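First the structure, in the form of structure tokens, and then the observations on it.
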Amino acid sequence: MAETLTIPRGRIDFPGIGFAIVLSAVIIFPLIVVGTWAFTEVWRYPNVVPQQFGLRFWNQTLSRADVWSALTLSLQLSTVVTLLSAAICLPAAYAFARMTFPGRNVLFFSFLAGHAFPKFGLLVAIAAIFLQLNLIGTFWGVVLIQLVGTLLFMIWIPVAAFQSVDRRMEEAARDVGASPLRVFWSITLPQAGPTIAAAVLLSFVGTFYETEGAWLIGAPGIRTMPVLMITFINNQMVIQYGAVLSVLLWVPSFIALLFARRIIGGGAFARGFGG
Amino acid sequence: MSAAGGAVQAQPEPLDESETRRRPYGLLLVAAPVLLVGWLVIWPIVSAVIRTLWQPADDGGYEFTLETYVFFFSDRYSLDNLTVTLWTTGMCALFLLVICLPISLYLRFSVGRLPAYVQSLAIFPMFVPSIILAYAFIRVLGPNGMVDILLNAVGLPKIRTPYLTPWGPVIGLVWDNIPLTVLILLSGLGNVSNQAIEAARDVGARWLQVLWYIILPRIGNSILVALSFSVLGIFSSFTLPYVLGPAAPEMMGPFMQRTFRDVNDPQMAITQAVITFGFCIVFGLFYVRSVARNRGK
């Protein structure tokens, strides 16, 4: 069926070529420019190609104390938030997938509430609460606000993972005398594991790049990597600093996200957003 | 929706009798994240509404007042910010539709390596944090950026840079929102059956007619979901308007941030937040209803 609707072989796919060229120019080209700036030492307008390539600015960027403290802080924050999120969300996901209890559906959909409001407005409302609790400008204030941002993904994706585990295998294991814990460890977890790992990875990377909560709640005491990059961009000190940080941070996160997306699948992504 | 290959299902499979737990252990396990949502999502919103409507009165008690709202809607600067936010959101929604609908239609009805490449390009911005996007934007479209360099090389005049104008956030936000819009539209296009289109083609309908009478009515809901989602994200976006947009008028995101931190007026900031909730409530409800209905299937 599909063949009759698609473009027959041999005919040139002009719309496809058009989309490919335009999208490459709009989406890939800017990132190549950033990549080029990271390895540039001298690039004066109006030269099309930099006059001098080199790694001088990598040394300079990496010897800045504020870069290292922001990087350490961001890694600490992401680790704490991800661990806390896993600790409270994974048992909850298991319960949503396997148990019945009063209010189950309402509670399951309550995690959507955070996504039904414009995000920054919600952050300001939370900040007003934190102001009374003296959590503004503190590490734990930022942890809390970023933790809320991970809940939906860390519950909905693992719920799907637990539900897709083959129940017959679990029952078979129970029949031959395995304890519930043993079944969970040897049957359930290996099957649900990769998807859960992808969700954990997603929340780690997402937290690392979370800018708005860190900016609103954390400033001025808590300067995470994205917050530092905003100041680099606004102050326009040395162009290369931003480029080096972009390349340095983006490549690992890109690989991680690609891995996560392969496991979770584009369809689930779209569904998660209501597609 | 059927096209989405995800295995996510909200409803449990019918439980075996042996698995049914009479005692609500489940409630204990879900308590922590649910309480967190209650404390840091539901309560702040309720509290924001209450705090802006009932304010301390002279006699020490609290009285109902619309004072901060009256100020917002009579203040020229606040209204300008609201207008530029509405304009940006509208422009982004329009551009997203004009850009993403053709891409999704193309992807739905093509197979092969080229469409696969186009699809991965369209999804790509999802993997680029907005702060890196903002930096790339300035290097490419900013003053003496890459576009200026290339134009100059072929002897053309420089562009009028959109950096620090209202168009800056529009371009950045559209770029950022392409992936999810395409994914949601594609998922909706999965519901359009090939037979319906072939039948229409057999009786002589042209492509435009097929699009108008067969395809669009079937993906109307997906278009609305995609637009609601983008509107919710764009209306109160912060990073891109803050970095790429003009200092005045500014979008609601940077405006709220400045009111809260720099002007140090939380009362006014949460008034602005409640106003953004008000403008987005329809989109939010529609979005939640669609997601819940999808999951509930």
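A Cβ is built for glycine as well, from the same backbone N, Cα and C atoms used for every other residue.
Because TrEMBL annotations are produced automatically, they should be read as predictions rather than curated entries.
Long-range neighbours of the transmembrane segment (A:12-39) within the same chain, counting only residues 6 or more positions beyond its ends whose Cβ lies under 8 Å from a Cβ of the stretch, are 50, 53-55, 57-58, 239-240, 242-244, 246-247. Sequence annotations record features per position, and here TrEMBL assigns transmembrane segment to A:12-39 (among others).
Taken from TrEMBL, the feature transmembrane segment applies to A:67-94 (among others).
Feature annotation from TrEMBL assigns domain 'ABC transmembrane type-1' to A:71-260.
Positions annotated as transmembrane segment by TrEMBL: A:106-133 (among others).
Outside the transmembrane segment (A:139-162) by six or more residues, the chain places 77, 80-82, 84-86, 89-90, 92-94, 96-98, 108, 111-112, 114-115, 123, 126, 130, 188, 191-193, 195-196, 198-200, 202-203, 206-207, 210, 213-214, 216-218, 222, 224, 264, 268, 272 with a CB less than 8 A from a CB of the stretch. Taken from TrEMBL, the feature transmembrane segment applies to A:139-162 (among others).
Per TrEMBL, transmembrane segment is recorded for A:183-205 (among others).
Non-local neighbours of the transmembrane segment (A:238-260) in the same chain are 34-35, 37-38, 40-41, 57-58, 60-62, 64, 67, 198-199, 201-202, 204-205, 208-209, 225, 228-229, 232; each lies 6+ residues outside the stretch with a CB under 8 Å from one of its CB atoms. TrEMBL lists A:238-260 (among others) with the feature transmembrane segment.
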